[in-house]
Amino acid sequence: MGDAIVVTSGKGGVGKTTTSANVGTALALLGKKVCMVDTDIGLRNLDVVMGLENRIVYDLVDVAEGRCRLQQALVKDKRFEELYMLPAAQTKDKHDVTPEQVRDIVLELKKEFDYVIIDCPAGIEQGFRNAVAGADHAIVVTTPENAAVRDADRVIGLLEQSQITAKLIINRIRPAMLKTGDMLEIDEVCQVLAIDLLGIVPDDEKVIKSANAGEPTVMDPSSRAAIAYRNIARRILGDMVPLMPLDEKSAGMFKRFRKFLGIG
Amino acid sequence: MTDKQHITIKGVKEGLVFILDDRCEFSALLDELHYKLEKTHQQLLTGPLMHVNVKLGSRETTDEEKEQIKSVLRQQGNLLIQSIQSDAELQSQTEANQQELKVMTGIIRSGQVITHDGSLLLLGDLHPGGSIICTGDIYVMGTLAGMAHAGSEGRTDVIIAASLLKPTQLRIAEVISRPPEEWLTGDAAMEYAFLQEGAMQVDKTTQLFRMRREPLVYKGV
């Protein structure tokens with residue numbers, strides 16, 4: 001029996017879909033059998049980020065309403081043998097499925113996959129309830145801004161009510177802004193939200209670039225965000241991985257060279 | 001005279017105790033009191049000075065009714081009324097003084113509301129966007145960063161105390177206060193908010209005893 005993890009945030013635009021795509025792909029990279037489920041019915045975009053848009057035949061609503069079998073709706077990834085995606089419908093809306101239907105689908109998927117990553121829509125209404133219905137754990141994504149942290153807090157409260165343990169990913173960290181004190185500190189965010197930190201992801205232009213190309217960032221090991229997502233995937237598997245240092249880049253070539261020589 | 005006795009007179013070390021039945025008409029009580037004092041117990045109740053305690057049971061009486069009982073007893077010359085007690089009053093007094101304190105543990109997050117009839121002790125934090133609404137006092141062993149409303153049904157003598165008082169808004173009875181526009185103190189540690197002449201004030205919790213004026217009992221050497 002696999003593990004169902006819902007990726008949620010409350011606030012929109014903090015990187016739920018990016019996180020789902022990258023964590024899912026990173027887990028597949030580590031040899032796990034993974035299925036990603038997009039529950040953002042009506043505004044689906046996990047398929048776009050994964051570059052699988054043109055392979056969709058059936059979707060989540062079709063499965064829920066019995067128009068096709070679950071296996072038929074699963075879209076196989078073009079890079080990994082053991083990575084699948086269940087897309088959301090684009091022509092319906094959140095009220096066209098019930099939490100019970102999603103829970104049944106997720107339960108079915110858990111039998112076959114090691115990890116089921118559920119991409120949750122923004123908000124805390126029907127779409128959120130659908131996404132959370134079948135989840136065992138949750139990843140709460142936030143950015144270091146007050147508005148996102150406030151919404152994350154709200155969502156953590158709702159998850160706790162449904163007895164789902166949540167872990168935190170702080171996304172889009174700008175080391176330069178942290179240094180000048182213009183951004184909320186990581187410790188501050190953790191302290192406010194009072195849940196375990198699963199990882200931090202630095203802001204990286206490559207994320208946007210690769211998302212546009214339909215290629216998850218994790219595939220590019222030169223990207224700092226990719227390393228962060230790989231670390232997160234390893235932590236999900238239970239490895240102890242230290243948080244990545246944020247100011248590595250600013251250390252400069254010279255210092256790195258000295259480090260290489262062993263005198264830095 | 002009715003056949004059932006409504007008044008029991010007991011002799012105790014300190015004097016006499018009148019136990020008045022709490023389930024009959026008040027007028028019947030007065031009649032019987034008259035009757036007993038003047039007829040049946042006359043010999044008992046004449047002579048040296050006696051202290052009298054009157055117990056009303058759970059009957060709720062007005063001041064006027066108490067005065068009626070007193071005046072009947074006073075006619076007797078040798079009776080000194082020490083007290084007229086009713087359980088109902090005692091109960092409501094203790095309720096007002098120390099309404100049942102509810103202790104709860106946890107984090108109250110954004111969007112969550114805790115309401116309680118009485119006083120509440122929270123072992124945990126109150127996050128911004130979360131609220132606690134109580135008819136009595138609010139104590140938070142942790143950070144109070146959300147909205148706290150004490151005395152929600154109008155009590156103005158209540159307080160809001162926290163280990164770290166950094167609220168988005170505080171309300172006591174009808175008064176709404178926003179920090180830091182209305183008050184700002186140093187480190188926000190171990191403080192409480194209270195009403196003074198209709199305005200919200202914040203002070204160190206160590207100063208609370210000055211406001212409450214509760215008797216301090218020191219034990220030990």
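All residue numbers here begin at 1 and follow the chain in the order shown.
Yeah, the Cβs are placed from backbone N, Cα and C, and that goes for glycine too.
Nobody curates TrEMBL annotations by hand; they come from automatic prediction.
Listed in TrEMBL:
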- A:Lys11, A:Gly12, A:Gly13, A:Val14, A:Gly15, A:Lys16, A:Thr17, A:Thr18: ATP binding site (BINDING)
- A:5-216: domain 'CobQ/CobB/MinD/ParA nucleotide binding' (DOMAIN)
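Recorded features from TrEMBL, shown on the structure.
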residue : record           : CB count, 10 Å
A:Lys11 : ATP binding site : 20
A:Gly12 : ATP binding site : 12
A:Gly13 : ATP binding site : 11
A:Val14 : ATP binding site : 25
A:Gly15 : ATP binding site : 23
A:Lys16 : ATP binding site : 27
A:Thr17 : ATP binding site : 26
A:Thr18 : ATP binding site : 26
>> For the domain 'CobQ/CobB/MinD/ParA nucleotide binding' (A:5-216), what's the mean pLDDT in this predicted model?
In response: 94
>> I need the neighbours of the ATP site defined by A:Lys11, A:Gly12, A:Gly13, A:Val14, A:Gly15, A:Lys16, A:Thr17, A:Thr18. Which other residues of that chain put their C-beta within 8 angstroms of the C-beta centroid, in sequence order?
In response: A:Ser9, A:Thr19, A:Ala122, A:Val141, A:Asn171
>> DSSP secondary structure for A:Gly12 (ATP binding site), reduced to helix/strand/coil, please.
In response: coil
